[in-house]
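The structure under discussion appears below in the form of structure tokens.
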Amino acid sequence: MSNRIQTLKEAKRIVVKIGSAVLTTAEGINLGLICRLADQLATLHERGVDIVLVSSGAVAAGRNSIPSGAKLDDLPARQAASAIGQSRLMHEYDETFRRFGLVTSQVLLTRDDLKHRDRFLNARNTLSRLLEWRVIPIINENDTVAVQELEFGDNDTLASLILNVVEADLFINLTSADGVFDKNPDKNPDAKPLACIENIHDLDLDAMCDGKTAVGSGGMFSKMRAANRAAQLGVPTLILAGKDRMIIERIFNGEERGTWIVPDEKSVSRRKYWLAYHCDPAGDLVIDDGAQKALLSGGKSLLPAGIIEVDGKFKAGELVRVVNKEGKSLAVGLSCYNSTDIIKIMGCKSCEIESILGKCPYPEAIHRDNLLLDAAL
């Protein structure tokens, strides 16, 4: 655990994510919790640490102000509740943080904002300037305008992308659970807490995480997936019980609580990280055993010869998933060809592409520079 203590001491830019299940009660926003959160983040801020807060809670905050009998069972209803709740949530954040001498800013994003490289860079520049000004950005999904196919799905996913945007060196995820367990503690009384996870990629997340919170859109699976992504980026994750009193202050004072997830020794480039996670894959490429070995052990590009099946329709330049014959996900990457052309050239040597398509702009189906292995989808 000494590495954990040292990393906490050396952290200069932290992304803190707080979920709806922590932030709200049946009556609405938990004002006492926001006050304690502001107090703890102010202490870190005074030490010179940059803080970025990814906050859920807008829909839950607006729930009590919708008409009696109205249900939040479709996207327009959730968007309307979010529009009500977001302003109330930010008002409470602004008022509370100001009492501790902190200035906050509201940043609302959609997945489309991070999908396009120019808008991604614009978001990065804006957040960088806010942090230079010692302002605390409070980030949430822009639920009111997000369409279903471009939703982040949950703020754990959003937070995992923000780690890359702001170049954070620590990720703290405040949840309703007291860290990570070897299996779902709600269903298994003998579940054991995990104080430290050395290699998150070796875990069977589907078996460990089979439930979600009542008021949130995510669950432990989404939190572990976000931690998996953070590990690839070289960022450690700390999953804590957000309702534990002054929990952030206590762990920075050396108390060992929650679950510490160790990052990969060799991190991926920020560009590859963005390529892999800016949107969902548009299709699958099924590859043979030889291609699988070349990818996993040789760091090679994916050649058409190793592809045995194409699933889905996609354009050249779109993100696709690479799977083996058993359906296991191996990687994601940008396809050099559209799905129609891939079907024509799969199983063929690269030297045969021109005779089949009439042109050969690329000898590979996915170049290794545009390929991320073990993507946490």
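Cβ coordinates come from backbone N, Cα and C, glycine included.
The ATP binding site annotation in Swiss-Prot covers LYS17, SER217, GLY218, GLY219, MET220, PHE221, SER222, LYS223. Taken from Swiss-Prot, the feature substrate binding site applies to SER56, ASP143, ASN155. Feature annotation from Swiss-Prot assigns domain 'PUA' to 282-360.
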Distance from SER56 (substrate binding site) back to PHE221 (ATP binding site), taken between C-alpha atoms, in Å: 17
Shortest C-alpha distance to SER222 (ATP binding site) - which of the binding-site residues SER56, ASP143, ASN155: ASN155
Pairwise Cα distance for LYS17 (ATP binding site)/SER56 (substrate binding site) [Å, integer]: 8
Number of helical, extended and coil residues in the domain 'PUA' (282-360), per DSSP: 28 helix, 21 strand, 30 coil
Longest CA-CA distance among SER56, ASP143, ASN155, per record bound to substrate, angstrom: 11
Rounded Cα-Cα span from ASP143 (substrate binding site) to GLY219 (ATP binding site), Å: 19
Rounded Cα separation (Å) that holds between MET220 (ATP binding site) and SER56 (substrate binding site): 15
Where ASP143 (substrate binding site) sits in the secondary structure, as DSSP reduces it to three classes: coil
Rounded inter-Cα distance in Å - ASN155 (substrate binding site), LYS223 (ATP binding site): 9
Conformational class of MET220 (ATP binding site) under the three-state DSSP mapping: helix
Averaged pLDDT, computed only over the residues in the domain 'PUA' (282-360): 95
Inter-residue C-alpha distance, SER56 (substrate binding site) and LYS223 (ATP binding site) (nearest angstrom): 13
Inter-residue Cα distance where the pair is LYS223 (ATP binding site) and ASP143 (substrate binding site), in Å: 20
